[in-house]
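Let me give you the structure first, and then I'll get to my questions.
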Amino acid sequence: MAGPLQLKELKNGREIIIAPSLLSADILNMERHIGELKGEADWLHVDIMDGHFVPNLSYGPALVSALRKRYPQVFLDVHIMVEPAEDFLDMFLSAGATLLTVHLEAAKHIHRVLQKIKDSGVMAGVSINPGTAAEPLLPVLHMADLVLVMSVNPGYGGQSFIAETIDKVRWLSKVRSERGWGYLIEMDGGVGPKNVAEIAAAGCDAVVAGSAVFGQPEPSEVIKEMRRSVQRG
């Protein structure tokens, strides 16, 4: 498992890690949209959806492989919303993900899944939906490199932020401090310049931003504004 020091270095002194979601980019102009980030993004977030666990279909391991080939140094934050998660691990572990996040709700044996990811040399993340409490994560938090808190119901971009999910971030931050664990906390859904400061103040280390970034004329400027918002508090 990546320990506290390694994860601290991963943030590299940044108040918040910003991971634009390619789900909100134009699929026919994805390379251009990535270029419009102008190096301001920390990670690229790739949403994989199966039309079963969530009511939408998107992408697959071929996109992850293509991104890795085109951008060999980029941190690929791959979030698989698929069920059962166990059946899809191998194809994504070999595709080039830096971090692979699976849903607690989509895995029959979450401990085994996280261990397999870590044994493959990939960072392991675990995610929960808005309707799932954070406490059931406790038995595997010590294994996780990242915990992804969904602040919208997964499946579509552009949804409104569910404010109550911030309480999960606060709880995860408290447990991390009490136990001396080193996982990062990430939030995904409805995040933008207006609420990112509150999210960061609750203990969040990374945020996924989709339409808030790619839906604007100057995506790189939105990322800069999000950083300024966090700095202002």
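Each Cβ is built from the backbone N, Cα and C atoms, and glycine gets one as well.
Unlike curated records, TrEMBL annotations are generated automatically.
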Where TrEMBL shows HIS45, ASP47, HIS79 binding divalent metal cation, which of ASP167, ASP188 is named for the same site?
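According to TrEMBL, the candidate sharing the divalent metal cation site with HIS45, ASP47, HIS79 is ASP188.
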Kindly assign SER211 (substrate binding site) to one of the three DSSP-derived states: helix, strand or coil.
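DSSP call for SER211 (substrate binding site): helix.
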Which of the binding-site residues GLY155, GLY190, SER211 has its Cα closest in space to the Cα of ASP47 (divalent metal cation binding site)?
GLY155
For divalent metal cation, what surrounds HIS45, ASP47, HIS79, ASP188 with a Cβ no more than 8 Å from their Cβ centroid?
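Surrounding the site, in chain order, are ALA19, SER21, LEU23, VAL46, ASP77, VAL78, THR101, LEU148, VAL208.
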Between the Cα atoms of GLY155 (substrate binding site) and HIS79 (divalent metal cation binding site), find the distance and write it as a whole number of Å.
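Rounded to the nearest whole number, the Cα-Cα distance is 12 Å.
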